[in-house]
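What Swiss-Prot records for G2 is N-myristoyl glycine. The feature deamidated asparagine is assigned by Swiss-Prot to N3, with similarity to another entry given as support. Feature annotation from Swiss-Prot assigns phosphoserine to S11, S140, S339. Feature annotation from Swiss-Prot assigns domain 'Protein kinase' to 44-298; the stated evidence is sequence analysis. Taken from Swiss-Prot, the feature phosphothreonine applies to T49, T196, T198. Feature annotation from Swiss-Prot assigns ATP binding site to 50-58, K73, 122-128, 169-172. The active site, proton acceptor annotation in Swiss-Prot covers D167, and the record cites sequence analysis as its basis. What Swiss-Prot lists as domain 'AGC-kinase C-terminal' is 299-351, and the listing cites sequence analysis. Residues annotated as phosphotyrosine in Swiss-Prot, with similarity to another entry given as evidence: Y331.
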Amino acid sequence: MGNAAAAKKGSEQESVKEFLAKAKEDFLKKWENPAQNTAHLDQFERIKTLGTGSFGRVMLVKHTETGNHYAMKILDKQKVVKLKQIEHTLNEKRILQAVNFPFLVKLEFSFKDNSNLYMVMEYVPGGEMFSHLRRIGRFSEPHARFYAAQIVLTFEYLHSLDLIYRDLKPENLLIDQQGYIQVTDFGFAKRVKGRTWTLCGTPEYLAPEIILSKGYNKAVDWWALGVLIYEMAAGYPPFFADQPIQIYEKIVSGKVRFPSHFSSDLKDLLRNLLQVDLTKRFGNLKNGVNDIKNHKWFATTDWIAIYQRKVEAPFIPKFKGPGDTSNFDDYEEEEIRVSINEKCGKEFSEF
């Protein structure tokens, strides 16, 4: 690198430091003093279910006053308690109301009633990366790199706030109208200084240290980034099998095979992300995220332009206007039932 290029790199890294310091101030204000009860169920018209999960559903809703569409996550308090997800759910809301980044879905309102918790988020009409990836088969390397760059910046932001995301997968990445990513589902996100021990995540994306019940840190997110980049560029994940236990055996073995069409730069980056040895895994070394940002596979990436959303997206989802749900699957609709008695008031008092 010439002197001029090195100086430019240096000043960019300095301004990132300043940006993150300011971002942390903003985050901590909201983290220490979370917004509560900022809307009510009656203010929304429920339109259609966009997705379902073990303790709730996400629905497209329309804010009757403004006419704006949102995605409303509805969680059944009793089911959350039964599935021992109280802490995760409180984390999710507390984190979402405090973060602010171009590639994180925005929490617009949150509230609760006798039966449910509600998180009302920006509606991202392009649907999940998962469905586009399955339809197209695999993404070209430039296409995969465009998305990967956004995740790198997002993790750099989250990790600077001591947040681990822990649930990276194509199902949790929505594509917005400009073709950029919105990361959704902070159900497993956690504020951690040092290490944590919870077993959570999706089998194919789990880092070896989680499987081996070791204490782990934010390096698990960089491992998951390796899995995601591989899956985007190959069309299938690096470790897969019929049973989770077989997947886990492959993950901890430290062996990965690459499709012949992968470029040598891509293979090199993935070997450094899918690195079982934590002392060698990119993102976890003394240069932190810069080992990834300065890697040859990202040589053409203009990180600032990505952050400013100035780079032309490789793919814009088809979109027929506000409230269009054609990029989401259909689900059976169900009434939202609200009890006349309060359920689990104590457990969710801080929500």
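Count begins at 1; order follows the chain as displayed.
Each residue, glycine too, has its Cβ placed from N, Cα and C.
Around the Cβ of S11 (phosphoserine), 10 further Cβ atoms fall within 10 Å across all displayed protein chains.
When secondary structure is read from DSSP and collapsed to three states, P170 (ATP binding site) falls in the helix class. It is G53, among the binding-site residues G53, G56, G127, P170, whose Cβ has the fewest other Cβ atoms within 10 Å in the structure shown. For the domain 'Protein kinase' (44-298), the mean pLDDT of the prediction comes to 98. Distance between Cα atoms for S339 (phosphoserine) and G56 (ATP binding site): 16 Å, as a whole number. In the shown protein chains, 19 other C-beta atoms lie within 10 A of the C-beta of T49 (phosphothreonine). DSSP assigns G56 (ATP binding site) to a strand. Closest to G56 (ATP binding site) in space, going by CA atoms and restricting to the modified residues S11, T196, T198, is T198.
Between the modified residues S140, T196, T198, S339, T196 has the most other Cβ atoms inside 10 Å of its own Cβ, all protein chains included. Secondary structure at G127 (ATP binding site), taken from DSSP and collapsed to helix, strand or coil, is coil. According to DSSP, the domain 'AGC-kinase C-terminal' (299-351) comprises 5 helix, 0 strand, 48 coil.
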